[in-house]
Amino acid sequence: MSDAYCTDCKKETELVVDHSAGDTLCSECGLVLESHSIDETSEWRTFANESSNSDPNRVGGPTNPLLADSALTTVIAKPNGSSGDFLSSSLGRWQNRNSNSDRGLIQAFKTIATMSERLGLVATIKDRANELYKRLEDQKSSRGRNQDALYAACLYIACRQEDKPRTIKEICVIANGATKKEIGRAKDYIVKTLGLEPGQSVDLGTIHAGDFMRRFCSNLAMSNHAVKAAQEAVQKSEEFDIRRSPISIAAVVIYIITQLSDDKKTLKDISHATGVAEGTIRNSYKDLYPHLSKIAPSWYAKEEDLKNLSSP
């Protein structure tokens, strides 16, 4: 319940909303402060015969500000028994033509929602991806291109903007057949296209190795103790000029931390969990090896433990 000023009570009082009547009442004196309000959220109850093919909902779904026809609408149909009434059929064609502009967006949003669900992404990322695609559509820049690659690229960019990055390889798994190269090209195209709009540039943000750490560790079922050590180690690794991608650094830090524990993970396991090739992990290990004593947390591994690690 929220508060509002009641003209009868002459003070701020709690409000009671009667959804069935559409009235907002003062909780103390019962004065109707607002009447006949429309609830635009989805209908929860149905009243039609369940065996009927008609839609049992009296009100449509929640409004979507990205759609032109998202407000409450009226359906224009032919009169009962009419086979070709000129007026009603003309109005019907006009209505269908008016709603066509949203059909492509609705399909795009459905596909993005499905991809987002398969990746386990939060709603804010899905909504941001929808916004990116809507901006492309407004500029008529999505036509003639691989739509699945565009949807996937919008999700990739949205993840980065929301500081929940995913690798292109992870995105590729749910991209309905779009390849890494196609998604990469689509991503570059979106950044270039939307960046041309004044004040509307696409800021991808900066990816850090730590952004992937918890998810990769979870994929490997690492202990909380090891996860904490890996997160601390990857933060310390940023102090050195290690010219490797954040994903590669995350993978090699996990390899180092697990080799210092009783629950060792093979390069194959880490490669499968992170999507980084075994050869890349080996080469990254060579770059981090000289800094092991400064990267590995002292509470997790002693100097003697570090000396027992294999040399590259």
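Glycine is no exception: its Cβ is also placed from the backbone N, Cα and C atoms.
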Annotated zinc finger segment (source Swiss-Prot; candidates 2-34, 134-166, 167-199, 266-298): 2-34
Per-state residue totals over the repeat '1' (115-192) - DSSP helix, strand, coil: 55 helix, 0 strand, 23 coil
In the chain carrying CYS29 (Zn(2+) binding site), residues 6 or more apart in sequence that have Cβ under 8 angstroms from it: CYS6, ASP8, CYS9, THR13
Lowest local Cβ density among CYS6, CYS9, CYS26, which the record lists as binding-site residues, within 10 Å: CYS9
Cβ-centroid neighbourhood (8 Å) of the Zn(2+) site, CYS6, CYS9, CYS26, CYS29 excluded: THR7, ASP8, LYS11, THR13, SER27, GLU28, GLY30, LEU31
Structural state census, the zinc finger (2-34) (DSSP three-state): 0 helix, 19 strand, 14 coil
